[in-house]
Every structure is written in C-alpha cells, then in structure tokens.
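The structure appears below as structure tokens.
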Amino acid sequence: MSGAVLVAVAAAIGNLLQGWDNATIAGSILYIKREFQLQSEPTVEGLIVAMSLIGATVVTTCSGALSDLLGRRPMLIISSMLYFVSSLVMLWSPNVYILLFARLLDGLGIGLAVTLVPLYISETAPSEIRGLLNTLPQFTGSAGMFFSYCMVFGMSLMKAPSWRIMLGVLSIPSLIYFALTLLFLPESPRWLVSKGRMLEAKKVLQRLRGREDVSGEMALLVEGLGVGGDTAIEDYIIGPANELADEEDPSREKDQIKLYGPEQGQSWVARPVAGPNSVGLVSRKGSMANPSSLVDPLVTLFGSVHEKLPETGSTLFPHFGSMFSVGGNQPRNEDWDEESLAREGDDYVSDAGDSDDNLQSPLISRQTTSLDKDIPPHAHSNLASMRQGSLLHGNSGEPTGSTGIGGGWQLAWKWSEREGPDGKKEGGFKRIYLHQDGGSGSRRGSVVSLPGGDLPTDSEVVQAAALVSQPALYNEDLMRQRPVGPAMIHPSETIAKGPSWSDLFEPGVKHALIVGVGMQILQQFSGINGVLYYTPQILEQAGVGYLLSSLGLGSTSSSFLISAVTTLLMLPCIAIAMRLMDISGRRTLLLSTIPVLIAALLILVLGSLVDLGSTANASISTISVIVYFCFFVMGFGPIPNILCAEIFPTRVRGLCIAICALTFWICDIIVTYTLPVMLNSVGLAGVFGIYAVVCFIAWVFVFLKVPETKGMPLEVIIEFFSVGAKQFDDAKHN
C-alpha cells in the first residue's frame, strides 16, 4: 500500500498550499489595509480576501468537465502552475488592482486543488484506508496554516513587516508541488479505464497496490462505469458443490448457481437463501418499506450493512479468487492487455488492433467451464481456443490472483436467462458483489493452495450478502457483437461515453447529490472559513492582547501567535481523525464531534455577553475558538469532501463533484464577504450564535440523511445508493 500512500501525500500538498494561503492572507490583510489605506473601506478589504474564492468558484464550474476530458493529473499540474504564478504577481503588486488579479489567479489554483485532490485520492486509494488517506488534505492544509502563521508572527515582530514577502513565499512550496505533480503523480486508474487505456491503468494499479495481480480491481473499475442499474440484494450460501449437495432433496441442486471469475480453481457454487435478506429492506434500526420514516432509508440500508458484516473487513475465503470456475479443465487467467491476444488462438479475431486505447479490447481471458451445458451454445464460439490455452498453462504452478476488490468484498458473475419479448430465452452474465455475512450462521474451514488448483481440507460453507445487477461489462449489444463470458471486453462506446446531465436524474445519483450538496452548504454556514480568514482580527477583538501583554507582545503579534498555537493543536486532532476515519467511520465522527462544536460556540457566546473581566473573557474566547477548530478538523472539516468523492459513479463523478464544489465556494464567498459586516453589526456573540444554530441543523441532517461508507469499494457504495433509492421510490409509490 506504500505506493498509494506516497501518491496521496504528494497530491495533498495542493491543500497545504491552500492552508498556507488562507493563513497568510489572514495575517497580511492587516498590513495591506495600512499601505493602501483601506481602513475606511471594508468592502475592498473583504474583496481582497474573497477574490480567491471568486476565482475558485469560476474554475469549479468547469473543473469537473475538464478533469473528465483531460484527466485528473493534468488539472493538478495546472493548479500548481497557477499557485506559482499568482504568488509572484502578489509579490510584485504595485496597487490594489494588480493584487486583486493575483488573488484571482490564486483562487483558480485553489479551486482546482480543493475540488480534485479528494477525488484523485479516492480514485487511487485502497478502500480499507481510503478515509485515512482522504483526511490527509485536511492535515496538510492545517500544517500549511501553522507554518504560515509562524512566518507571519515572526515577521510581525519586525519594524516594517512586508506583506508582499508574506504572500510571495508561497512560490517556493508551489514549485515543489509542481515537480511532484509532473514527475511523480500517476493518472487516476479509474479515469484511464473510462478512456479505454487498459494497459496504463493496469500499470498504475500495480504500482499503487505493490503487486502484479490486479485483475479483480481492474474488473471492478470497468464495472463501475455504469450509472444506476437494476440491482437486487440477495443472500447466498457459498461453498464447494459437494458441500451444498442435499442428499434428502436432490431436486434442490437445480437452485445452485455456478459462479464465474477470471481465475482457475475448484468448483464453487452458491445457493440463494430463502426469506428476508441479511442486508435488505428491514434491519434492526428501521424499515426501508416505511417511506414516512424521518431517517433516510439509505442510512438504514448502509447501517444494516455494517451491522451484519464483519468489522475487520475479512474476506469470504482465504483464496476466494480461485473458487469461481467450475469443472476439471480450467482456463488460465490471461493478462488484461493486448499481449493476451497472441495467446488466444487463431479462431478469435479482435477489433482491438495494436492499441490498448480501443474500447473493444479484451480485459480478462475467455473463461468457461467443462460443463458445456451450463452456458448456452452461442457462448461457445471460441471454446476450442480457450481450452488450448488452458491446457498449455493450466498446471504451471503460477500463483492465482484474487477477485478481492477491497473491504472484504469480492467480485463474481453468474449466468442468467430470461424470456424475451418475442418469447425466446435470452441470457447474459450478471455481476455480483459478495461479502461474507458476519452473522452466527456462517461457518468456515480452511483452503490449502495446491499447484493446479485449490482443494478444501475442511468443510467450508459461508453465508454471503450479495448485490446482483446487470454488469457494464456484458450487455445485450456486446452479446450480439461477440458472444463470450463476463469481464472480457471493455464496454462499448455507449457505455464508456462521457457524463450526461440526464445521468444526474438517475435515483441513486440524485440521492447522492442531495447528501453531497447538503453537507457542503452546512459545512460552510457553520462559519469555519470565515473564522479562519479573520482569526487574528477575531482574537484581537476578543482581547487576547491581555493574555500576552506580560511578554511585551502587541495585540497584533499576540493574535498571530495564538493562531499559530491553535493550528498546531489541530494537527494531533486531525491525526486522531485519520486513525478513526476507517474504524469508527465518517457518520460516527460527525455525530460525535458536531455537538462539541455547538457547545464551544455557545460558551463563546456566553463569554462575550457576560463581563467576567478582560482576562477571563479573553481566555474563554480563545479556548472556545481553539476547541471549535480542533473538533471541526476531526469531523466536519474533511468528511464532506471525503463523502463527495465516494458516493458518485465514475462516469459522472467529475461533474457531480464540480456541482458540490461550486456549492462550497458560493457559500464560502457569502460567509467570508459578510463576516466583517456581521462582526460590526451583531458582534462576536451574534456571529457565533448563528453558527451554533447552523451546527445543530447540520447534526440533524447527518443523523437523518448521511450514510456510513467506511471500508466499502466506491463501486459498491454507488450500487447501494442506486438500489436503496429505487427501492425507496417503489415503496413510496406503492
């Protein structure tokens, strides 16, 4: 996992630059006002601070579409260049107008980084540590603020502090960021797969995961290209065919489903479990079938997933990847690249040519079973060449790969037939996401890996929760073009097309947008960015000068020092959040930290209204602000961006994140631009009282609407949103 960690750290430097800029402008604005004589013009003062937000808002409107078109990496490179150029222009600024232009350029870089870094990390990180890695931007952002406040504090002790140097120093870390984005960061494998660039995606995944076999995750990335789908939640009993045989009722064997995957191995089958599913419409916490319930049914559905599934994210079987193929003569798992074409025999004619960019490129080698009756005759056109390949390599002793896709989830396919409109039977492969049920009914043995296949030494039958849907990999159009098994061909152009506005109205996507946009609005109106930009002035108004007057520091330097100490205290709090993000989960952290924010704000209000003396009032204000910051960065700070990067399908992820980011920046502009006016009109008590009310509304929203997504692969999260939203709509209409 070290590759994914290093890539996430490098990408998160973009947020370090944002934090550096936020703190620097908060300190330098005090000196900018003096040089340009803006004391009587609070509007221009607010505009200097807010101009970067305007730039971020402008670039966000097109950042999603551009990242979908050009890729995530080129946009991060452009972001680093904008940081560098803007810092040099700010260093030179001879007047307010040039400074405003430089702040606009700076905002363009900030907008790209803040929007795309969480998206990039989510698309490259393993699901088990995705929350931890996606909290890194919050950590690096706070670290940037700390270093910047230290610099500003040191310069404030000089006889003639230079705000130009304060702002121009940003050029140094921005150059480092430029070098990392250009020379070290790979392109997102999900974006590469969406463009049909399979060889590149495979190499990037191998680098990120530190292993050669990434076939299961490659299949997952292609399966994630669809938007929505007809998905059902089912329960299966999975085990060897002989373990599931029913001697008393042999007729039950017809209900067994043979599972297919890219690996060779022993015969494994699944049998649907009758009755209500373990992850279904009804859980201990509520009923999906009750649309009048205040708690969103999706929250209940995701909650039931984490109730029933093991917290450790254990896999179904130790060697689950080799359990799918059925029969004695098993085909070898070919590579996911063009080189496999040369080994598939002369019977197969590919449209792919020599370029892996062709959208018809084979992904996994053709797979079948020695039980020809399991697959319809039209799916056997290349059976001879497939078996030839398997006979050559079947007993090579090469280690088998895994269809594990993260978080204990596995990817498989089953053959399904139905009666078409013309009365004829038509079939296709259905995708299955499987996870072992953590209930007491499961029983496990052990599997010993032997050359040529895996053989069970003990009884092994488990119960598994399953999400079953029509895959992106195998649809009716592809079936007519080339009748083969699952996970073998990249989706056609109709599947791999770019995002469409109509996709936003698919029930799962629409539901996810409500969660993402709602979180961004409430996060901003809780006041955090307004407080960050004006922390020195807020603390100066609160009277922190009284606390440090014995050290001989002026009120301005004192406020910078307190700001630096505050951001330093935030770092261990973020480190704790990084540890808990994939253990306790996003929802739990939000529900436990937001009440602390409310309490800190209310104490600050009381401290402002009741005169306890200068020292007491300043102490209360300072402690309240510090507590507010520390608990904000543990939950409400990073989690909205993490959720927005997790809950949207790959094909519309850039577009949806752009919508959420646009909401973020518009609300940020409103809060930042109005804060000086609010401080003058209602004072600290009124401002923080309003923020306390917003935080309470945010807690209610999280409790009712925000599901838990820890440890789940992105494609599984999306699938749950889709099935949950559609089932809820059906229940509401019925």
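Don't overthink the numbers, they just go from 1 along the chain as shown.
Backbone N, Cα and C atoms are what each Cβ position is placed from, and that goes for glycine too.
Whatever TrEMBL says is automated annotation, not expert-curated.
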Which listed span TrEMBL calls transmembrane segment, if the choices are 8-32, 133-157: 133-157
Distant-in-sequence neighbours of the transmembrane segment (589-610), which means Cβ under 8 A and at least six residues beyond its ends: 526, 542, 577, 580-581, 616-617, 620-621, 624-625, 627-628, 631-632, 634-636, 639, 683-685, 688-689, 691-692, 695-696, 698-699, 702-703, 706
Confidence summary for the domain 'Major facilitator superfamily (MFS) profile' (7-710), mean pLDDT rounded: 74
Positions whose Cβ lies under 8 angstroms from the transmembrane segment (133-157), at least six residues beyond its ends: 4-5, 8-9, 11-24, 27-28, 114, 117-118, 121-122, 125, 165-166, 169, 173, 532, 554, 556-557, 560-561, 563-564, 567-568, 570-571, 574-575, 577-578, 581, 633, 637-638, 641-642, 645
Tertiary contacts of the transmembrane segment (163-185), as residues 6+ beyond its ends and Cβ separation under 8 Å: 6-7, 10-11, 13-14, 16-17, 20-21, 24-25, 27-29, 31-32, 35, 73, 76-77, 79-81, 83-84, 86-88, 90-93, 102, 106, 109, 120, 144, 151-152, 155
Seg_contact(the transmembrane segment (98-121), the transmembrane segment (74-92)) with at least 3 CB pairs under 8 angstroms, min sep 6: yes
Other parts of the chain folded back onto the transmembrane segment (622-643), taken as Cβ under 8 Å at six or more residues beyond its ends: 114, 118, 122, 130-131, 134-135, 137-138, 142, 515-516, 519-520, 523, 526, 528, 531, 535, 538-539, 542, 544, 547, 562, 565-567, 569-570, 573-574, 576-577, 581, 586, 589-590, 592-594, 596-597, 600-601, 603-604, 607, 660, 664, 688, 695, 698, 706, 709
For the transmembrane segment (74-92), sequence-distant contacts whose Cβ falls under 8 Å of one of its Cβ atoms, 6 or more beyond its ends: 11, 14, 17, 63, 66-67, 98-99, 101-103, 105-106, 108-110, 112-113, 116-117, 120, 164-165, 167-171, 174-175, 177-178, 181-182, 185
